[in-house]
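Reviewing the structure listed below.
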Amino acid sequence: MYRSYRTVAVLLYHIVHDVTDARFTLQSEELHLNNIGSCSPQDVIVNIKHGSYPAVNPDGYAFPKHFVDPATREHIHTIELLSDGKNRTYSIRNPRPGNWYALVYIKWEDPRTQKVEQQGLVADCHTILYTDLQVRRETNISLIDCYSGITIDYNKIPASFKCMSLDNSEPITLNLTIKNTSTKNSEILFRVQSLSLPTEDNYLISCAFDPRLNNEQTITFNPFPNSWHYVQLEIISGNATKYADCESYYLRSDLDDIANQTTLDLMRDDKGRFFTFDYGLPTTDLHDATSLVNLTSGDVKTLRFRVNQFLDIGGNFAIEASLFMNYKYYMGYKRELTKSGLLEFTEKNQFFKVVICMDIGHASVPLETGHCKFNDHVKPALFVLNSTDSESIYDKVIIPYPDSGTWYITFRLFCDEVVCPCRTSDNGTKYYVDPKAIDRNEDIPSSENNTRQGESVCNTTVVLSLSSTSCLSGRCSNHGNCGLNTFGGLVMSFCSCSAGYGSWDCSDDSRMDSKIYMLISVLLLTLSNLLFFFSIYVAIIRYYYSEAMMYTFTMVFSTFYHACDAPAQVAYCIIRGSILQFGDFYCGLMSFWVTLLAMSIVSEKIRSSLQLTGAIVIALLTTWNMHSFISFLLPVAIGITILLISWYLDYRRTRNLRYPRSYYTTYLPFGVFFVSIGLICYAFLQTEQNYKIVHSFWHMIIAVSVVFLLPDVKRNGVNPFLPGSDYFKSPFWNVFQRSQNPIAAD
């Protein structure tokens, strides 16, 4: 069951070029490894994504602050199936070539409602998954030159073509000529897509034209640099009005925005640890992970870097950007609102904004509206920074499991002409801007002394940081551990949270119990062991000193183990938790063992030998697997066997019961009853939610059962729960008395 990315399996599929259909066949079933009970089908979830591992949150926690919106990334395909042995198929039409990654896990359930199962008492079930990938390739694709054109006979449509673009962002102008047209012809649908064949939803350009009116078309589009592009021509059988007119792609004014675009390659700085690296502009300072990007209005600047497959995709990639301003901004500077909620600017401190776009495989064009445009696709910008105040000049985004490929970060500076004409005062030295919404149709006084038209030329510097780390900066908010999942040789980092925290970086405490609740739980689990004082007292007055010592160690180790195993907010560890855990399990098993031997009718020599032998065997079993039912069953079964055999042999020899009749009729049945109730609670009734109550009850009932199970055979005619009148005259107490022998004189 899903608990964190530690419990997921990772699968890798490679899809080649020219694939029109990728069909995944999945089958899951339960593997039963013991003869106890049966296995129920589990809900299995498979998330498939191109380019990197899917970043999902099956436990329902929200992604932390600054995390990228998952809707803006590559689509994640989700498949749900039962582990009942039935096949499930899932098809992806026209998939991108390259590596596809799948996460497989059992559907998350709230752990607080889960049963605490004991190994060896329940069915040992393992969910297995069989997968198969079959692809269908399009073989009838003609190879053309993107920069020459296409000439095709109308009767040969539908047709598909592919071509390779150059390693730059220059637009491609494709000349299309349709031959042998007639008045009976229908309109033609033109689509182009990069990397894979286009579909109704995925394309760079989709338009229609009538070859009867114009059989020659010139279509201009922005390509992916150095990538395969697929052109598809189809006959439109129905209404073509829902498609754009291909005539509109002949002379595109929006392409003028990239006329002054420059592209720079960034330098990589590896840190020598998993998924830890930086990118920046080439510099002589090897310790500087930031880049100063100088911008001038009218220019578009693009920075390019590469995220490698396998090596770079398992961490979290952080992008931070800030306008380089004076010191007042970095000290929390805020502009005061004037009348009507406007902000004041001056000639020396003008309004401007920088729109930053981020894309994989291509560069888009930043727009003054705060969006990014690439062909017909418009999306919100990664960052929109403006000089309003200190909260607006900085922004940050974290991208979990970044996609492999070439990344492009594009900058564009807009001056105050985007918010002006503006009201002015003090002879035009000050002007006022509404940073939230500017109504260009607002009535502005026409007097030149009262308005500012806005400037189109300005410049600024952006401080940029690009860095990748395992987890979030190599940490998990101090509430978890940063681990690595290496399933199948694929490595990814993840946070394993503790103390009730959750989310991607262990920062969400919405499901964490209150500190009072946690404190009460710890007190129940620890103070319930104090009932062992009664067991120790009874063992001592009945002259079971070795047993009393073992009950003492059991009480001490159990108390401090549960105090250490508590949530970090209330935990207290006197030594390492693993040592306390071993002591708790070991002393608990030894208490059962010495109690059964104390009930047996054997000589003291045999009892001491069996105690030592049991101590060694139980230590080995506890070290082997302290949670296994075998570790508990084996010593208890042997102890009960020794007990019954000794009773039988003694009765056969003497034809009398060794212990008082009240022991067999009252105390032994009560002791067995209490132990049975305790074992049932421990083995079958514990859940994560009631653990503190049921396990505390287990402590108390086992401590009480010892009082009834230890036979009071070493004393005669006394109350079994009170010391005898001659108790303090026993040899044991002579240890604490002064010797009466005279001391020899010198």
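Don't overthink the numbers, they just go from 1 along the chain as shown.
Even glycines carry a Cβ here, placed using N, Cα and C.
Long-range neighbours of Cys497 (disulfide bond) (same chain, six or more residues apart, CB within less than 8 Å of its CB): Ser4, Cys476, His479, Gly480, Ser503, Cys506. Marked as disulfide bond by TrEMBL: Cys497-Cys506.
Sequence-distant contacts of the domain 'EGF-like' (467-507), counting only residues of its own chain at least 6 positions beyond either end whose CB sits under 8 Å from a CB of the stretch, comprise 4-6, 8-12, 53, 57, 59, 61-64, 67, 101, 273-279, 289, 310, 312-318, 398, 400-402, 513, 518, 567-569. Here TrEMBL flags 467-507 as domain 'EGF-like'.
Same-chain residues lying 6 or more positions outside the transmembrane segment (516-545) and placing a CB less than 8 Å from one of its CB atoms are 500, 551-552, 554-555, 558-560, 562-563, 566-567, 569-571, 598, 692-693, 695-697, 699-700, 703-704, 706-707, 710-712, 714-715, 720-724, 727, 730, 732. Per TrEMBL, transmembrane segment is recorded for 516-545 (among others).
Tertiary proximity for the transmembrane segment (585-602) is limited to same-chain residues at least six positions away from its ends with a CB under 8 Å from its CB atoms, namely 544, 546-547, 550-551, 553-554, 557-558, 610-611, 614-615, 618-619, 621-622, 626, 631-632, 635-636, 639-640, 642-643, 646-647, 649-650, 658, 702, 706, 709-711. Taken from TrEMBL, the feature transmembrane segment applies to 585-602 (among others).
Taken from TrEMBL, the feature transmembrane segment applies to 632-651 (among others). Counting same-chain residues at least six beyond the ends of the transmembrane segment (632-651), those with a Cβ under 8 angstroms from any Cβ of the stretch are 120, 589, 592-593, 596-597, 599-602, 610, 614, 617-618, 621, 657-658.
Taken from TrEMBL, the feature transmembrane segment applies to 663-685 (among others).
Summarising the annotation, TrEMBL assigns transmembrane segment to 691-710 (among others). For the transmembrane segment (691-710), the list of distant contacts is 116, 520-521, 524-525, 528-529, 531-532, 534-535, 538-539, 542, 544, 547, 551, 555, 558, 591, 595, 598-599, 667-668, 670-672, 674-675, 677-678, 681-682, 685, 721: same-chain residues at least six beyond its ends, Cβ to Cβ under 8 Å.
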The domain 'EGF-like' (467-507) [mean pLDDT, rounded to integer]:
89
